[in-house]
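Working notes, structure below.
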Amino acid sequence: MLKKPVLVESLIVFVTVLFVHAVVWDRYSWCAVALAIQAFYVQFKWDRLLQLGGAVFQFRTAANSGLLPASMVIPLLGIVMKERCKAAGIVYFERFGIVVASTGMLVALFLSVIAVGITKPVPTNTCILTGIAGSIIIYTMKHSLTVSEVIEVLEVLLIFVYLSMILLYLLPRCFTPGEALLVLGGISFVLNQLIKRSLNVVEGRGDPIDFFLLVAVVGVVLLGLFFTVLFIFMDSGTWISSMFFHMMTAVLGLGVIMPWLYRLIQRNPLFWLLQFLFETQTRVYLLAYWTFLAASACGIVFYQNAKRSSESKKHQASTITRKYFHFIVVATYVPGLIYDRQLLYVAAVLCLAVFVFLEYIRYFRIKPFGQTLRHLLSLFLDERDSGPLILTHIYLLLGMSLPVWLFPRACAPKGTLSGAGALVPYSGVLAVGVGDTIASVFGSTMGEIKWPGTKKTFEGTMTAIFAQIIAVALILIFDSNVNLNSSYAWILASVSLVSLLEAYTTQIDNLLLPLYLQIMFM
């Protein structure tokens, strides 16, 4: 068993599900257990389809399907959010957590049914398991959700279906089925939330920074879809096309996205953003510090490209070189988490929009910077960037930012949770910035004992766990808002589980690990 990484990965996910189930112990956690069992069996059907080339779309080939670990993320996040908000007495967000969990289960079931439906011959046992799990989940939803919540869940599923058909066709080999479930499921939920809130705007209700995130994510996705369709009919690499790209970006930004945001926050978005960014002296200092770090990251890119000689055009940056960016991201996020989390929230949204926009420029070869970006970033490609898009740096940003964005502020007294929950915003820093980085550096330089069936080393995993424990101790020293209340054993178990998951998963660890650590901490 230990020689098959997918089985060990599945075992780690099952342990996480059982931990959550043992703490929550309600009908939703039972549904999560049923979903995990059926996803485990269906995962092998997806793997077989990918090996035989029988999948409907082209998926990333250097990894397994990743259906089980991806299927459990959204349901578990919803369940733990429900429990936290129930304990805080916030009924609205308790119901919201139930909707999130139900949506995640239904979307995961949809992917399972797709795999079972296109597998020949029809896998009878897997069909029965999927039917049983689906019946349990739908029965629970029937007796738990109101009519409006059922409609909301079905709306997200419908958006996911159409978005999957469009993006998986336009972006071959960019995702595994599990990664597509996570990314497209998240975008579908964000789009549905934005539509829902836009139709029910109440002045003074809702945090402007939440609206800013929703509009930014949906805006960059719609921008990409628009230009992808447009450049089917014209060459994107010409100066005329490039001028049209910049002009239409300005038109869509100022004519659609800005008015949309204005409707939601009831004030001028640009004035609000400028006032927010420069509201206090601490924010000015943080922005200046982050500007310096961004310039340093650009300097590393230029320096590494300057080292690349004309005789070694196929030369790629080493693992240690790529981890420089992880250190820079840690240096960026930690001061923001300690001194001003709201500023970090908004700055991360702006960075995401900039990263995606620059990727559009690179992908469409928009002049004058498109070809330059292609040349500069090609040095940092790895086997996970097998599709037309380069997504690893965007996944790194998402992995660090999602725990900050998904932190249930309304259900947290004084802006923080008690016990291990106080470390939720630090999940990305610990899992990716510290754990994954240290594991890669020490594993590649000093590691000798390999985990069975993988290239990862025992030494790398152990040093990653140790480094994360030291990081937690430093967080306790420097962040006065963090009070762990003697939950050290749970923190050690959480960090160890996620570090083992890093050793055995073939999915994008920058995206998956912070979410699992967040689930365990919550």
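From the backbone N, Cα and C atoms, a Cβ is placed for every residue, glycine too.
Pulled from TrEMBL:
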TRANSMEM  12-41  transmembrane segment
TRANSMEM  92-116  transmembrane segment
TRANSMEM  122-141  transmembrane segment
TRANSMEM  153-171  transmembrane segment
TRANSMEM  244-262  transmembrane segment
TRANSMEM  282-303  transmembrane segment
TRANSMEM  324-339  transmembrane segment
TRANSMEM  345-365  transmembrane segment
TRANSMEM  386-406  transmembrane segment
TRANSMEM  426-446  transmembrane segment
TRANSMEM  458-478  transmembrane segment
TRANSMEM  490-517  transmembrane segment
Can the transmembrane segment (282-303) be said to touch the transmembrane segment (244-262) if we require at least 3 CB pairs below 8 Å and skip pairs under 6 apart in sequence?
no
Do we see three or more Cβ pairs under 8 Å linking the transmembrane segment (324-339) and the transmembrane segment (426-446), pairs being at least 6 apart in sequence?
yes
Under 8 angstroms, Cβ to Cβ: which one of 153-171, 386-406, 426-446, 490-517 has the largest number of such pairs with the transmembrane segment (12-41)?
490-517
If you count Cβ pairs under 8 Å, which stretch among 153-171, 426-446, 458-478, 490-517 touches the transmembrane segment (386-406) the most?
490-517
Establish whether the number of Cβ pairs under 8 Å between the transmembrane segment (426-446) and the transmembrane segment (153-171) reaches at least three, counting only pairs separated by 6 or more residues.
no
